[in-house]
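Trainee: The following feature annotations were taken from TrEMBL:
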DOMAIN    16-109  domain 'Ig-like'
DOMAIN    220-304  domain 'Ig-like'
DOMAIN    311-394  domain 'Ig-like'
DOMAIN    399-481  domain 'Ig-like'
TRANSMEM  494-518  transmembrane segment
Amino acid sequence: RKIKAEKAAELMCVFPFVVKAFEMEIIPAERIVAPIGGTLILTCNATGCASPSFSWRTQMDSPLGGKVSNHRTHSTLTMNPVSIVNSHSYLCTVICDQREQKEKSVKVELYSFPSDPIIEISPSLVAGEPATVVCKIPDVYPSDHLEVLLKKDEHVIHEKDFFEDDSTNTETKIVAYTFHPMPEDIGKEITCVARLPIADMDFEPKERTSSQKLNANFGPQNTVITASPGNSAMEGDSLNLTCVTQSNPPAQIVWSKHWAEGSIQHLIKNNVLSIPHVHFNDSGLYICEVINLVTNKTEKATVDIIIQGAPVITKLSIEPSTTVQEGENVSIQCSAESNPPPKIILRRKSDNANMRPYSARSILLPSVMFQNGGDYECIAENKFGNSRSEITLNVKYGPKNTMITVIPTAALKEGETVTLKCTSSGNPAPVISWKKKKATGESEKISKNATLTIQNLKSQDLGLYECEAYNQFGKEEKAVKLYVQGSLEEPDQMIPVIIAFSSVAAVAVPAVAILIYVSRQAKVNGSYSLVKALRLKV
């Protein structure tokens, strides 16, 4: 132990106790880069001094622009917020025990680049018309280092620097550029790139960007119509007309059709006009009108549509009616539509008609006769096919060609049966009735049938029989007379014969004279017997 104590005394003699010297420092040291608007604290420390005193000043004796707080061994200068007045070299002085003085300085350099650029573009740009892009860089300092680029997508469209700027405080710098946006620019990005590259100043970021997409209003333009399956369609097919245009915002589309007489028919408000089954009257000029309500511009496109196909008969008519009275004026007309135009043949079908075929659209029948009645056909044809249609002309007329037939034509005997048959033509079919002349001269209706049968023929059955044919358009009468004519076959014997004599009422006078004469001769010759029948027609 004694040896250890001696060695410790020796060490103390060799290494006596060292008193620390008076020193000072500023933190941060030397050069400081601070953002305007932020907070900066400078700390001045003293060591080796029991009671240091601190003081702060700028190198140019300008205001400090901050708050000083002194503590036992250090002092702080707080700048909150940092402003342009803080751009100085700051000097901290420390006096130790009022005997020794030391000082150090630190340089504060300022910058301001607080936010991204602001891009301003008119929301209603019109393609082809001048537009201005404005880029604002807020609160820049020092602006004499500012560089600004304007880009459209990746292409630089404008550059500007502020190297000659002498601003001494923060300022918002503005870059404006006028250009002519085109339709193809829609959707592209306009980017403003702002750079503040200050050498030896360590701060981030030194580049800020902002972007905005272009939305230019334009059009309508380049309006076209496409027809599917094509401009020439077959009758009955479907047809789609599509109107395509370039416009922003999208244009309003209105379809219309121009008729031959000059009128316009408005159809739909849609870009596609669809006709499921086209007809010939769908041919014509179609107009697509496109309207941009923002640019207030209008553009039109047209397409001429031709519908082709076999003929379609659109009208087959008889005027004044399909049922006419003989003697009226009649017109038969046929119309058809097709493309190419049809050849129309209008004719009567009856082979035995005394009518020629007509290669025309109408037949005129002045004072029509009953022979003109019947079926008429219209044939329309072109290279794609043909179409047929029929119509019936019904001609009403009074009774004609009334005729009486006596059956049998061989000899009759008393007590046998004789048949008188009356026929007549007319439209409508005539009603036929029989009358018999009485001795008084009056006529007595004896039958409403066309056939009159006399059974068990007797002398009282002899006389004038009248046939009357009647309909609403007239009547016609014919007559036949059964009488006895005597003829001598042996010298001493007379054989009476019943004669049937037929005549039209209009020529009855000469016939009656003959009948009276024949009757008188029969009476002179005595009684009769039925030996022979003679049939006459007038």
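Just so it is clear, glycine is given a Cβ too, placed from its N, Cα and C backbone atoms.
In TrEMBL, annotation is done automatically, which means it is predicted and not curated.
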Trainee: What are the helix, strand and coil residue counts for the domain 'Ig-like' (399-481) according to DSSP?
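Mentor: Per DSSP, the residues of the domain 'Ig-like' (399-481) fall into 3 helix, 52 strand, 28 coil.
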Trainee: Write out how many residues of the domain 'Ig-like' (311-394) are helix, how many strand and how many coil, based on DSSP.
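Mentor: For the domain 'Ig-like' (311-394), the helix, strand and coil counts are 3 helix, 52 strand, 29 coil.
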Trainee: If you average pLDDT over the domain 'Ig-like' (399-481), what do you get?
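Mentor: Per the prediction, mean pLDDT sits at 89 for the domain 'Ig-like' (399-481).
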Trainee: On the DSSP side of things, how many residues of the domain 'Ig-like' (16-109) fall into helix, strand and coil, could you say?
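Mentor: Across the domain 'Ig-like' (16-109), DSSP assigns the residues as follows: 3 helix, 53 strand, 38 coil.
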Trainee: Quick one: DSSP breakdown of the domain 'Ig-like' (220-304) into helix, strand and coil?
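Mentor: Counting residues per DSSP class in the domain 'Ig-like' (220-304), I get 3 helix, 53 strand, 29 coil.
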